[in-house]
Amino acid sequence: MSKRQLVKQSRRWVIKIGSALLTNNGRGLDREEMAVWVKQMAALSKRGYEVVLVSSGAVAAGMTRLGWAERPKALHELQAAAAVGQSSLIQAYEQEFQKYSIKTAQILLDHDDLSNRQRYLNARSTLRTLTKLGVIPIVNENDTVVTDEIRFGDNDTLGALVANLIEADTLCILTDQKAMFDSDPRQNALAKMLIERSAFDPGLDAMAGDGGALGRGGMISKVRAARLAARSGANTIVVGGKVFDVIPRVASGEILGTLLYSESQPIAARKRWLAGNMQPRGRLTLDDGAVKVLREQGKSLLPVGVRAVEGYFTRGELVLCEDTAGREIARGLVNYSSDETNKIKGASSSRIDSLLGYKDYDELIHRDNLVLV
């Protein structure tokens, strides 16, 4: 079966629309364009699709209502603009969806909602219930309360996290470019459009680095989002939002935009939460033997395989596991604090008691609490 056929068969979609598409050249929301996308999403919903919308535009809408000509730099002013604009954004969507007798719901998320296991499960339950009721949830980051340190970074990332959260089949990212290219089409008339690539194709990294084609126009963030979504088995489409009838055409399997497909089997719900958790508290550097055991045998991480410890963390918190070159291999929940881990790193499990004066676990991270990335 072709990869586009998988998209055609998918029925649970997350659709992300960026602010470059939603705003009318800095003059507030482009209601005419919003009406076009709402009509397309309504068509999917009427056909039985479960649709979740991740929408930018709150800050831009707020700037217009406040009479600000330039985007502010101060965080508190951005948050004020988001607070003012969010109501306008939701009201605009609600009015458009009402034309098709479709109800909407507003969902604001922050890191704590997705890093805390109980809140993560509550958010998942709410979103699933809404979509089963035929309601289209409109998701955005809770800009009014987040700080720079705990931001998702961009709504591409948020879209991928929502895709993981609801176990979506497809993440559709609408952008102001019609697809992804192997070089900048604005500078190279011979630039080739990327039709299909694995989300984990290393060639995408090569294009993204050192000012490569994907490093411009926010495309590298879309690659990262596709990789995050792929961990739960979702395929990602990056496609031009201004293409005529773009959403139904992509859903029908038509070759539009760039498909970044998943080669992964969907992982278990708990491990999907771990993979999408964006707030690690520390990092462990592993030796080659530990990396091999994790990758090839799927075993737990023992203290003997740890060479270095970075950060401050307590028991049960999330840490990254890296190889000696600094590449992330896995992430998981630790059984020992950073102080304890520093004392037992490089030691066999049989020595934990003598090094700490007690031993609660043989494993530093149990395989049930560890996910490869």
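Glycine is no exception: its Cβ is also placed from the backbone N, Cα and C atoms.
Summarising the annotation, Swiss-Prot assigns ATP binding site to Lys16, Thr175, Asp176 and lists sequence analysis as the type of evidence. The substrate binding site annotation in Swiss-Prot covers Ser56, Asp143, Asn155, and the record cites sequence analysis as its basis. The domain 'PUA' annotation in Swiss-Prot covers 281-359.
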Three-state secondary structure, which DSSP defines for Thr175 (ATP binding site): strand
Residue distribution over DSSP helix, strand and coil in the domain 'PUA' (281-359): 28 helix, 23 strand, 28 coil
Cβ-based neighbourhood (8 Å from the centroid) of the substrate site, residues Ser56, Asp143, Asn155 excluded: Ser19, Ser55, Gly57, Ala58, Val59, Ala82, Asn140, Glu141, Asp154, Leu158
Ser56, Asp143, Asn155 filtered to the binding-site residues whose C-alpha is within 10 Å of Lys16 (ATP binding site): Ser56, Asn155
Check: same-chain CB within 8 A of ATP site center, minus Lys16, Thr175, Asp176: Ile17, Gly18, Ala20, Leu21, Ile173, Leu174, Gln177, Gly218, Lys222, Val238, Gly240, Gly241
Cα separation, Asp176 (ATP binding site) to Asn155 (substrate binding site) (Å, whole number): 14
Rounded to the nearest Å - Cα separation of Thr175 (ATP binding site) and Ser56 (substrate binding site): 12
